[in-house]
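*Asks:* Let me give you the structure first, and then I'll get to my questions.
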Amino acid sequence: MENEDNLSDEFRVHVAVPSKPNPILKKLIVFKVYKRRWFILFVLCLLNCSNSMLWLTFAPVADQSAQFMGVTLDQINWLSIIYMVVAIPLSFGTTWMLDTLGLRITLVLGSWLNMLGAVLRFVGVLGRLVSAAKFPVVMGGQTLCALAQPLVIFTPTKLTALWFPEHQRATANMIASMSNPLGILVASIFSPMIVGTTNNIPSLLFIYAVPAVIICFLATVGIRDSAPPTPPSASAESSNSEPFLEGIKLLLRNKAYMILLLCFGSGIAVFTCFSTLLEQIMCVRGYPNDFAGLCGGLFVVFGIVGAGFLGLYVDKTKKFIEATKVNMSLSALACIAFSVVSQMWNQGIALAVVCSLFGFFGFSIYPVAMELSVECSYPVGEATSAGLIFISGQIQSVIYILLLQGLTKPMADSPFSTCSAGGDAALSWRVPVLVMAGLCSAFTCCFVIFFHTEYRRLDAEAQASGEKSTLIEPHSGGVIIPIKPSGQTGKWFQTFIHHSFFP
């Protein structure tokens, strides 16, 4: 008898067995999911939340932080800006790492950078250091945290593709992606609560460092594999099918993907501008800082709720394009409404409603659009397709913020203005918010009109599933099972067939 290793990679078994499929054999040709996928998703959510908390630690308490470290407010702002500066060049390396080295190495490395940065920040504010050394050490820790951000932000699409079946991918992506704005919300609430005086800054950094240490332990010990032994879907088998550079070339030649890259990247930039400039826009019209914080909180909370509903809907219907186009259109309308209402006096309720709607329709697009980027670019790696969109969003965010700030004009002093007096005149944001709404509307129209694509990953999975699960009943009453095994799984399967049916 010939050696089992010489069996053909593509073979057909025809045996006289009952027409009803063998239950053991049926299990071998069905994809499998593992419960530990939820643990990996849980760790990713914690890591994403922790990293965004570390990002905006100082923004809500900028005055106290500047006073404690003996620096200016502009220097404190750089503790947040460093995330954006680091993310743009590092993103290319992160996409390569995810698609080449795997999910586990990327997540573990991200957790260690996040933890080391959080601990270094705490060390930098200890009393033993001289005042002049505090800010450089804290900036060093913040830079380490910024290095971890792309490793965390790019991971959801890769995780869902490798570990989750097709009917759970959008929901899992939504859960992982929305943990980032949840961290922003936590930092916005707890930083002012903890820092009553400048002496509380060390306590604040210690409290934020504790979760980072715990999450690093969970990631290092608990995440054992980059991919499950048996894939959950047909596309998971070829998740790394295209090399990194070849994938970049394919994306640049993909018209649908480039439209999504520009239009959704613009949407990310608009939301970044909104979150960054909200307090400055509202204080001119007499709205206090706590109300601006409330509107920012409503923006995030309703965004998470909207993402939950939309993720479940898309998982059931697979209408990625329709959901994205409708929500982008409604989000553009909400942005227009904000540009008008924010320039009115005494419209607190209307502003709160508009910010809630803006978050509900806007934030919910993010996880669905990331899944759509994979669908229209398959078989390019998930990290590459999602990563380039993130880079586009970061670059456009810098451009938009500089543009909108440049369009502001000094305005006459108003007794109703709540902007802090720092020797500079209050700035009018009427023109900048209208420009922001115009940009949002223009890119939305381009996306709705010009974006069309096939669901390449879903189509590939449907074809692959049909080939692997097809049971054809021949005239002799036996079962013909067409299988294309490969690698160790294929060899084991050949051995199983040989010993089970030909003893």
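Every residue, even glycine, has its Cβ placed from backbone N, Cα and C.
What TrEMBL shows for this protein is this:
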TRANSMEM  38-58  transmembrane segment
TRANSMEM  78-98  transmembrane segment
TRANSMEM  105-123  transmembrane segment
TRANSMEM  175-195  transmembrane segment
TRANSMEM  201-223  transmembrane segment
TRANSMEM  257-279  transmembrane segment
TRANSMEM  291-314  transmembrane segment
TRANSMEM  351-374  transmembrane segment
TRANSMEM  386-407  transmembrane segment
TRANSMEM  427-451  transmembrane segment
*Asks:* Need a quick answer: max count of Cβ pairs under 8 Å to the transmembrane segment (38-58), which of 105-123, 257-279, 386-407, 427-451 is it?
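*Replies:* The stretch with the most close Cβ contacts to the transmembrane segment (38-58) is 105-123.
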*Asks:* Please report, as numbers and ranges, the same-chain residues at least 6 past the borders of the transmembrane segment (291-314) whose CB is under 8 Å from any CB of it.
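*Replies:* Same-chain contacts beyond the ends: 60, 170-171, 173-175, 177-178, 181-182, 184-185, 188-189, 274-275, 278-279, 282-283, 320, 323, 327, 348, 351-352, 355-368, 371.
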*Asks:* Would you kindly check 105-123, 175-195, 386-407 and say which stretch has the most C-beta pairs under 8 angstroms to the transmembrane segment (78-98)?
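*Replies:* The stretch I would name here is 386-407.
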*Asks:* Same chain, outside the transmembrane segment (351-374) by at least 6, Cβ under 8 Å from its Cβ: which residues?
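*Replies:* Residues 156-157, 160-161, 169-170, 173-174, 176-178, 181, 257, 260-261, 264, 267-268, 270-271, 274, 282, 287, 294-296, 298-307, 309-311, 314, 320-321, 323-324, 327-328, 330-331, 334-335, 337-338, 341-342, 382, 385-386, 389, 453, 457 contact the transmembrane segment (351-374) from elsewhere in the chain.
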*Asks:* With the transmembrane segment (386-407) as the reference, find which of 105-123, 201-223, 257-279 contributes the most Cβ pairs under 8 Å.
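*Replies:* Ranked by Cβ pairs under 8 Å, first place goes to 257-279.
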*Asks:* Give residue numbers and ranges for long-range contacts of the transmembrane segment (105-123): same chain, 6 or more residues beyond its ends, CB-CB under 8 A.
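*Replies:* Non-local partners: 40, 43-44, 47, 50-51, 54, 57, 94, 97-98, 129, 137-138, 140-148, 151-152, 155, 202, 205-206, 208-209, 212-213, 215-216, 218-220, 223, 226.
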*Asks:* Could you tell me what the rest of the chain brings near the transmembrane segment (257-279), counting residues at least six beyond its ends with Cβ under 8 Å?
*Replies:* 184, 251, 289, 292-293, 295-296, 299, 328, 331, 335, 338, 358, 362-363, 365-366, 369, 372-373, 376-377, 385, 388-390, 392-397, 399-401, 404, 429, 432, 436, 439-440, 443-444, 446-447, 450-451, 453
